[in-house]
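This report concerns only the one structure given below.
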Amino acid sequence: MLNKRVRFYVRIIPDEREGRECLETDGNKILRLKNEKYIGMKKLPLLRFETDGIFTEDCQAVIYETVIGKDLYSSITKMSDVVLMAIGQSGTGKSYTMTGIRDHYHFRGVIPRIFDAIFTLKKKKDFALRMCALEFIHGKCRDLFVQSTPEIDCRKVTGLRLNDESEANDLLFKAESNRCRISTGNCGTMVVTLFLKPHSSHRRLQRPVSQKIHLIDPAGTEVHWSRLRGNPCLTKNIGTLNESYVPDPSNDWAFLIERSIKGRLDARQAYRNSTMVGYLCDSLRTGCIRLIGHIRRSSDDLRYSLATLRYGCGVTGRPEQQAEIQTEAKVNIIDHSLQKEIQQLRDELAITDLLESNFVPFSAELEEGEALNIEVESYLTSPDAESCAYLLTMAHPFTLLGTCRSIYRKSLERLRDMYDLEGVGGEKGSLTTGITVTSSPRGSKKSRKKSVQQRTVAGT
């Protein structure tokens, strides 16, 4: 069943490796496999995924406006929570999508653009704005505004008061620099939360209602979402023994987030399994959810790309479809081959009619057809080899054959006039050509009779 609160978008990262793509887009919302693929010993059928939008070479501003920019104002007006999360394997640009590049204005991510929109709205509406940045790693929570901090209780976090957009951006990039990292990505999941709270002096509100906007940049791990043997998530760590940190192995949060969105898990149950999901649970159950999947087209990353697509489409209630694409492909191939055969038969019949003098010129105007024949004839009779070659490559076969037949007739008549002789007995002698041509009305066949006749001029 389609969940209208949740929307799933896909951002495809460009890959320099050519000739190894296994995914293709069909419009701006459909993504599918090019052909049947193998994952291990299992052969995948042709799959089709329906999303809410696909981004390939789009800029950061387009992604922001499409994903959350249009709905941010209405969400703040209704005071409903918002959860925006990037998902996918490590190295696919999740952090670039969420935070962007600090020193380049046009390359800002989604979070700085949300800061800009909220402070613009704050000038029109009266509310207090606070911000916190937390990192969840190995089941623990730490404050990213402090470089080295012990474990804290995320349920008691209230955040820092924000005065302007510049201060918010400084805190954001400070928090990003304090994250635990390895050479291939981040170890923990960063959650930036904005608390919007109307002032208590509001007349219509007896008790101020607060709103939360959660912006999530997850850990750098590869996750396989699977229901095999009751295990919802199979994880693969990308860390090595020589590194001080390893990615968070407790990635059951993906399965718990799905359960929370579908209303099958409350905050108390979520805290027992995942601190991060317990922190987000209330917003996941009732808020506006936006997921941005990050994938690659390469067949080397097919396993992780399919895991991301299946998870996002499953949360929105639009699972992958099978067999439909394969049937459509076969129909298109058969239709194309039949059209090709029909066109070949038509060409053969037209050439046969031309050789049998049953061909009707294309042009309805007789003068236009004669002018075209004169032009082609000038090329054919020219001694220039380049002109003849150009004509053979550019002229239509019907026009070329028709002009050749006309030249043959004129040459034959000229030879007859040249060699016709007056016989002694009033009879005319004719040139011996070896072929007797009998003319017939237009539309009927010419009969050609091959006979060798020796005709001599009678004398007395």
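Glycine too: its Cβ is placed from the backbone N, Cα and C atoms.
Because TrEMBL annotations are produced automatically, they should be read as predictions rather than curated entries.
Given the structure is predicted, the values throughout are model-derived calculations rather than measurements.
According to TrEMBL, the protein has these features:
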{"type": "BINDING", "residues": "Gly88, Gln89, Ser90, Gly91, Thr92, Gly93, Lys94, Ser95", "note": "ATP binding site"}
{"type": "COMPBIAS", "residues": "443-452", "note": "compositional bias 'Basic residues'"}
{"type": "DOMAIN", "residues": "5-222", "note": "domain 'Kinesin motor'"}
{"type": "REGION", "residues": "430-460", "note": "region 'Disordered'"}
Using Cβ-Cβ distances, find the residues under 8 Å from Gly93 (ATP binding site) that belong to the same chain and are at least 6 apart in sequence, listing them in sequence order.
Arg11, Ile13, His294
Given the binding-site residues Gly88, Gly91, and counting only Cβ atoms in the protein chains shown, which has the most within 10 Å of its Cβ?
Gly88
Provide the three-state secondary structure of Ser95 (ATP binding site) computed with DSSP.
helix
What number of additional C-beta atoms lies within 10 angstroms of the C-beta atom of Thr92 (ATP binding site)?
24
